[in-house]
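According to Swiss-Prot, the compositional bias 'Low complexity' annotation covers 1-12. If you look up Swiss-Prot, you'll see 1-36 marked as region 'Disordered'. Residues or ranges marked as N6-butyryllysine in Swiss-Prot: K6 (among others). Summarising the annotation, Swiss-Prot assigns N6-(2-hydroxyisobutyryl)lysine to K6, K86, K117 (among others). The SUMO2 cross-link feature in Swiss-Prot is assigned to K6, K21. Feature annotation from Swiss-Prot assigns N6-acetyllysine to K12, K17, K24 (among others); the stated evidence is similarity to another entry. Per Swiss-Prot, N6-lactoyllysine is recorded for K24 (among others), and the stated evidence type is similarity to another entry. The N6-(beta-hydroxybutyryl)lysine annotation in Swiss-Prot covers K35 (among others). Taken from Swiss-Prot, the feature ubiquitin cross-link applies to K35, K121. Marked as N6-glutaryllysine by Swiss-Prot on the basis of similarity to another entry: K44 (among others). Annotation source Swiss-Prot lists dimethylated arginine at R80, citing similarity to another entry. Annotation comment: Swiss-Prot describes R93 (among others) as omega-N-methylarginine, evidence class similarity to another entry. Residues or ranges marked as O-linked glycosylation site by Swiss-Prot: S113.
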Amino acid sequence: MPEPSKSAPAPKKGSKKAVTKAQKKDGKKRKRSRKESYSVYVYKVLKQVHPDTGISSKAMGNMNSFVNDIFERIAGEASRLAHYNKRSTITSREIQTAVRLLLPGELAKHAVSEGTKAVTKYTSSK
């Protein structure tokens, strides 16, 4: 059995961007599955708020779990609201109402304001 070459460094543990191809026994190459995460976006926001601060991979994992959890809660609540109102489409109105129901006080106000701003920016760029 040939020895693995030492020239190419092994991918870091926990690396999310695995696009290299793994070698199979029969010689065929297969792509590794891509692991989706919000880490790029969390990092961009961190640098906007605190440019001189870093984040550990464990903390990034926690942030990724947090974003996924909030996303699922908002989507679930918006789906319920659409169902209650006999609608088959989740619109920005359902999302906004779901955010108001799920997030407490001032946080909900800021989230709605930022969401409205993002939707306005998106529609004006079309």
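Placement of Cβ uses the backbone N, Cα and C atoms for every residue, glycine included.
Taking CA atoms as the reference points, K35 (N6-(beta-hydroxybutyryl)lysine) and R93 (omega-N-methylarginine) are 31 Å apart. When the alpha carbons of R93 (omega-N-methylarginine) and R80 (dimethylated arginine) are compared, the span between them is 13 angstrom.
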